[in-house]
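Trainee: The domain 'Orn/DAP/Arg decarboxylase 2 C-terminal' annotation in TrEMBL covers 29-373. The domain 'Orn/DAP/Arg decarboxylase 2 N-terminal' annotation in TrEMBL covers 35-281. If you look up TrEMBL, you'll see Lys60 marked as N6-(pyridoxal phosphate)lysine. Per TrEMBL, the feature pyridoxal 5'-phosphate binding site maps to Gly239, Glu275, Pro276, Gly277, Arg278, Tyr375. Positions annotated as substrate binding site by TrEMBL: Arg278, Arg314, Tyr318, Glu347, Tyr375. The annotation active site, proton donor is assigned in TrEMBL to Cys346.
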Amino acid sequence: MDHFLYRDGVLHAEDVPVPEIAAQVGTPFYCYSTATLQRHFRLFDEALDPLEHLVCFAMKSNSNQAILKTLAAMGAGMDVVSGGEYARAKSAGVPGERIVFSGVGKTAEEMRAALEGGIRQFNVESEPEMEVLNAVALSIGARAPITLRINPDVDAKTHAKIATGKSENKFGIPIARAREVYARAAALPGLEVIGIDVHIGSQLTELEPFEQAYRKVAELTAVLRADGHDIRRLDLGGGLGIPYARSNTAPPLPSEYGELIKRTVGDLGCEVEIEPGRLISGNAGIMVSSVIYVKNGEGRDFLILDGAMNDLIRPSMYDAHHDIVAVQEPEAGSEQVPFDIVGPVCESGDTFAKQRNMPVLTAGDMVAFRSAGAYGAVMSSEYNTRPLIPEVLVNGDQFSVIRARPTFDEMIARDNIPEWLL
Ligand code: LLP
């Protein structure tokens with residue numbers, strides 16, 4: 001459920017008519033709903049009650065500081081995957097003890113910054129990383145709390161580019177080698193082994209792969225405890241999917257996911273962490289774009305928008321479907337016609353949808369891409385020297401620009417011309 005609904009014939013973000021925002025910031029832009037973010041965070045938080053738990057928002061899905069602050073105010077932790085994300089979380093006021101550091105390629109500099117600034121735990125993904133973290137911790141007289149990310153070799157049944165839990169993926173330590181690697185970690189004086197981490201992929205629409213993975217985690221907990229490790233925290237990753245198309249059957253609810261967690265690992269006496277990104281931010285955002293031209297091609301008509309693949313890359317990168325709706329509500333029973341919906345970038349891949357049934361639209365009309373709050377703005381680029389588009393946060397009847405569109409001058413001024421060209 002989200003808070004982008006038609007009211008009085010026009011799409012609203014909570015209580016704000018979308019055209020009102022467009023009139024102030026221009027199109028294209030991202031627009032997020034506070035109430036939706038809060039609702040989704042609360043669903044996860046309540047789903048894990050009464051277990052001792054922390055929901056760490058995977059801020060790779062949306063790292064605007066206003067979003068982070070909104071969630072942190074509700075008690076959210078953050079899952080970060082880079083020094084930049086760590087710095088962003090801190091700058092948004094998230095305390096170090098609520099920040100988890102994930103990722104396969106943490107550098108020594110990133111580790112040091114996190115140890116010095118405060119960190120809940122590192123989710124370590126390989127033996128070389130373990131050795132480097134040990135050395136960094138010892139060099140500053142610290143002891144780094146760690147879990148080891150285990151690759152459970154389960155099929156997440158999702159798009160190949162976002163599946164991470166099979167043995168052929170680059171992520172984690174093969175479960176068959178877990179005992180050996182935990183023994184090595186326990187022998188390193190700069191590390192404190194506190195738990196196990198697992199994440200099998202993103203946009204999972206069934207619970208069964210989670211169930212398989214979490215059962216393996218439960219078994220491994222018993223084995224590692226018998227080996228003398230004090231396993232007291234389980235990080236179960238993110239990955240629960242969202243309905244991208246209204247017509248799809250809905251993926252499992254956070255409450256069902258919570259029940260599964262309690263059923264599989266709930267009686268181990270461990271504190272539980274999860275790292276959802278998409279399910280918190282995805283349906284909390286839309287991308288609003290205007291039609292520049294309606295072009296009649298041979299056998300097909302194109303809606304050429306002012307938004308493009310550089311603003312929302314998911315359709316060209318993952319063949320992802322986003323529902324696209326007209327901002328002015330079409331009258332009930334009005335005509336629908338098929339369009340190819342494209343952006344202005346000079347690549348055929350700059351296509352959002354092919355032969356999508358839409359109301360009859362003309363230049364200047366606005367459309368909204370639904371479910372664009374996760375992996376939208378964060379994956380955008382300035383390809384074709386198109387400025388990053390603004391982000392707006394709505395809260396009830398108020399809205400605020402939480403990232404402004406840069407001017408051409410600001411973009412151009414970032415280049416430096418070497419002396420010999422002056
Ligand atoms: N934890 C770890 C270790 C992850 O790698 C990810 C996502 C998450 C948590 C959050 O997963 P979520 O709950 O959002 O599914 N750009 C792609 C998605 C990449 C996901 C990468 N890892 C897309 O647009 O579909």
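Cβ atoms are placed via backbone N, Cα and C, with glycine included.
TrEMBL does not curate its annotations; it predicts them automatically.
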Trainee: Given a 10 Å Cβ-Cβ cut-off, pick out the one of the binding-site residues Glu275, Glu347 that has the most other Cβ atoms nearby.
Mentor: Glu275
Trainee: Would you mind pulling the DSSP three-state label for Arg278 (pyridoxal 5'-phosphate binding site)?
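Mentor: DSSP call for Arg278 (pyridoxal 5'-phosphate binding site): helix.
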Trainee: Within 10 Å of Gly277 (pyridoxal 5'-phosphate binding site) (Cα to Cα), which of the recorded positions Lys60, Arg314, Tyr318, Cys346, Glu347 do you find?
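Mentor: Of Lys60, Arg314, Tyr318, Cys346, Glu347, within range: Lys60.
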Trainee: List nothing but the largest Cα to Cα distance in Å, as a whole number, among the residues Gly239, Glu275, Pro276, Gly277, Arg278, Tyr375 that the record says bind pyridoxal 5'-phosphate.
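Mentor: Greatest Cα separation within the listed binding residues comes to 15 Å.
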Trainee: Using the CB centroid of Gly239, Glu275, Pro276, Gly277, Arg278, Tyr375 as the pyridoxal 5'-phosphate site centre, which other residues of the same chain sit with their CB within 8 A?
Mentor: Ala58, Lys60, Ser61, Ser202, Gly238, Leu240, Leu279, Ile280, Ser281, Ala374
Trainee: Measuring Cα to Cα, how many Å separate Arg278 (pyridoxal 5'-phosphate binding site) from the residue listed as 'N6-(pyridoxal phosphate)lysine'?
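Mentor: Approximately 9 Å lies between the Cα of Arg278 (pyridoxal 5'-phosphate binding site) and that of the residue listed as 'N6-(pyridoxal phosphate)lysine'.
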Trainee: If you compare CA-to-CA distances from Pro276 (pyridoxal 5'-phosphate binding site) to each of the recorded positions Lys60, Arg314, Tyr318, Cys346, Glu347, which comes out shortest?
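Mentor: Nearest listed residue in space: Lys60.
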Trainee: Other than its own, how many Cβ atoms are within 10 Å of the Cβ belonging to Gly239 (pyridoxal 5'-phosphate binding site)?
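Mentor: There are 28 such Cβ atoms around Gly239 (pyridoxal 5'-phosphate binding site).
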Trainee: Between Arg314 (substrate binding site) and Glu275 (pyridoxal 5'-phosphate binding site), what is the CA-CA distance rounded to a whole number of Å?
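Mentor: Cα-Cα distance, Arg314 (substrate binding site) to Glu275 (pyridoxal 5'-phosphate binding site): 21 Å.
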Trainee: To the nearest Å, how far is the Cα of the residue listed as 'N6-(pyridoxal phosphate)lysine' from the Cα of Glu347 (substrate binding site)?
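Mentor: Rounded to a whole number, the Cα-Cα distance is 26 Å.
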